[in-house]
Amino acid sequence: MDEEHEKAIQRNFTSLVERTDLDSMVTVLYEKGVFSEQMIERYQNPNKSSRDRKRQLYRDITRRGPRAFGHLVDSLSELGHWDIVRELDPNSPFATFPKPSSSSMPKRETNPQSSKDSQYVSLSNEKNKTKEMQKSAVPVAATAPVDLDNAAAKMPVIPEFKVIKSTRFMDHDDLELYHTRSRDRGVLMVLSYINFQNNIEQIRAGVDVDCATLKHLFLEIGFEVISYPDLTKEQTLNTLSSLEVVLEKAECVFLVVSSHGYERYGTSDIDIRCSDGQLISFLEIMTYFSNKSLPKLIGIPKVLIFQTCRGSNEEYVLSSEPTVSQLLMPGGGVQRDGSARARGPPPPPPRPSAAPRLLETPLYSDILIAHSTPPGQVSYRDGGCGSWYIQVLCEVFAERVHNTHVDKLFTLVDMRMREKFRRQTSSVERWGFNKRLYLHPGLYE
């Protein structure tokens, strides 16, 4: 391996270990011939922790010949780790995205490490300067793959849009604000479930486009993006158990969970399908975001977004004209993210809670929960362009996040989704989310 490639791996060693899934990386690298069947046994040793095995994996790659680095970059791209690809290889197609226009303006880097200064304006350093805000930001929808059967083998299209940057810190007289003024602006975690073992569920075509759009949006805002594709239930629980370490310095946290969802009749809960077919409930996920589970994140805003069905009811609107969704969604056809009931054995009853004890703070606070659909309803997803909700969310955030607080952004998302697709409305809950949250893309103190 070239010395510069080896140094690139060393510089990004922590990101590789923290952000990637061991089993997925081993599988893809094995398929590319980087490791033999005998060699991958060392990465399956149950006597070593997953973290130690990943460290061994990335150390070994540096000794697997001159083509190993290219295979590593390709593997990371296929698994959706475009942010790491940008950091590893400046010559990668992802490092120059968005594509420059035909004008002579210089290219704007999207590498979150090398362009950190260019992504932000420090008001303390630049108070004597002015900066015009872009007047418009029109997102371009990701194009649908022509051959949906081979879509998983092709590179998802990263959407071409820019987030309008803030020119001043927002203020409010009526409500307090969450603090979002440092360089460590926030972390986006994406738990996406696309493929399911033993074909227990259909492949969720279009979710790869959702993931690409979300990553591009939040990198533009200035967030760190961490992706966890196709985790089993055990892997999901392990990931949620380690949240405090991953989110330690973040000023705010966004989580997106995208999978099939099923209504639990008679309750406000839903079941969410993991890649191994097992179910995890919405309320079980919420326990990992309590002040008891994350004491260091008390006072830190946490925005949790669920792209799932919450039942089997469908909304219909009588109209003499075709809906926008019928006109603009030719890709892979509209699908639903769930069914009336989950297949497989029913989930076990919830365990009784521990004996109550006095707390100085509420069990839950500073949490905003956004569902793509109300209780009992289906959530629509296009096989070529992604879910309706995530498409609209990214459009609205790109246009309005520079001067609009998050609570209002979700109201605007719902308004546009009903205007654009007509058949779906979203739902928002606030668990002690009592301050205004501005993300201030492009600014820090």
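Glycine residues also receive a Cβ, built from the backbone N, Cα and C atoms like all the rest.
Features as listed in TrEMBL:
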- 1-78: domain 'CARD' (DOMAIN)
- 93-136: region 'Disordered' (REGION)
- 99-125: compositional bias 'Polar residues' (COMPBIAS)
- 184-313: domain 'Caspase family p20' (DOMAIN)
- H260: active site (ACT_SITE)
- C309: active site (ACT_SITE)
- 328-356: region 'Disordered' (REGION)
- 344-353: compositional bias 'Pro residues' (COMPBIAS)
- 357-441: domain 'Caspase family p10' (DOMAIN)
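H260 (active site) counts 24 other C-beta atoms within 10 Å of its own C-beta, drawing on all protein chains shown. Straight-line distance linking the Cα atoms of H260 (active site) and C309 (active site), rounded to a whole number, equals 6 Å. Cβ contacts within 10 Å of C309 (active site), excluding its own Cβ and spanning all protein chains shown: 28.
According to DSSP, the domain 'CARD' (1-78) comprises 55 helix, 0 strand, 23 coil. Residue counts for the domain 'Caspase family p10' (357-441) by DSSP state, with H, G and I taken as helix and E and B as strand, are 29 helix, 17 strand, 39 coil. Secondary structure of the domain 'Caspase family p20' (184-313) per DSSP, as helix, strand and coil residue counts: 40 helix, 35 strand, 55 coil.
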